[in-house]
Amino acid sequence: FTGTAFGSAAIWQYESLKSRVQTYFEAARADWLDKMRPQKRGDFRKQVNSWWNNLTEGQRTVTGIIAANVFVFCLWRLPGMRRMMFTYFTSNPSSRALCSPMVLSTFSHFSLFHMAANMYVLWSFSSSIVSLLGCEQFIAVYLSAGVISTFVSYVAKMVTGRFEPSLGASGAIMTVLAAVCTKMPEAKLAIILLPMFTFTAGSALKAIIAFDTAGLVLGWRLFDHAAHLGGALFGMWYVTHGHELIWKNREPLVKAWHELRTKNTGKGGG
């Protein structure tokens, strides 16, 4: 799954770069036409476009992820969907469905507070992580983080014999948080309810890892501490080594895709 995610992201980046010049000229032409047309007051579409254009690239990237989480949260509210949601949108090594929940549970929240807290953290770190990795690479890392953190959770549950269902984006978000804190350890952070107290990103990461390690060792059931640790360790590893080993070695795949596209274009008479 991780290989497919990064391979798809590399091809996505290739296609995005290929169409950027065409998009630029189309946007310039659209702006010129907008100036020529009479403007409507209170145009809702224009207001939405203005709001969207004022977002950072990172915020625009995570908007789709947040929308998917909200959609799945609404599905939990439907009584007729409850059995299917427990089967495919919660991760549990004793379930009859093992693989698909490793991805789907990353977008699943039963509690409104749980979802709101996770999405707030994702939104807060979105600009930093996308500036660091780029849109395409970030999506590959986020999806991979969900699967890897769930796999670590599976291993911990098998070892301890506690087969409890888990759900939520916390493991993937821990990857985002750990990646940013590892790359920018001196950045200042604050808790939303206590903005007067600030601390460095490096200190926050150490405290989070210590808390989840204690929770895993002592058997706390506040959170899925194993998934949190798996996500955090993956984020730290990726920005220090994984980027060099995986993303920077994508050239053969992109070259093969380019040759395939060129060959197909030639056959089509383009």
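Each residue, glycine too, has its Cβ placed from N, Cα and C.
All TrEMBL annotations are machine predictions without curation.
Among the features that TrEMBL reports, transmembrane segment is placed at 61-78 (among others).
The feature transmembrane segment is assigned by TrEMBL to 98-123 (among others).
What TrEMBL lists as domain 'Peptidase S54 rhomboid' is 102-240.
Listed by sequence, the residues of this chain that lie at least six past the ends of the transmembrane segment (129-155) yet keep a Cβ under 8 A from its Cβ atoms are 1-2, 5-6, 8-10, 12-13, 16, 56-58, 61-62, 65, 91, 93, 98, 101-103, 105-106, 166, 169-172, 174-176, 179-180, 183, 224, 226-231, 234-235, 238-239, 243, 247. Taken from TrEMBL, the feature transmembrane segment covers 129-155 (among others).
Here TrEMBL flags 191-211 (among others) as transmembrane segment.
Averaged over the domain 'Peptidase S54 rhomboid' (102-240), the predicted model reaches a pLDDT of 91. Taken residue by residue, the domain 'Peptidase S54 rhomboid' (102-240) breaks down under DSSP into 102 helix, 12 strand, 25 coil.
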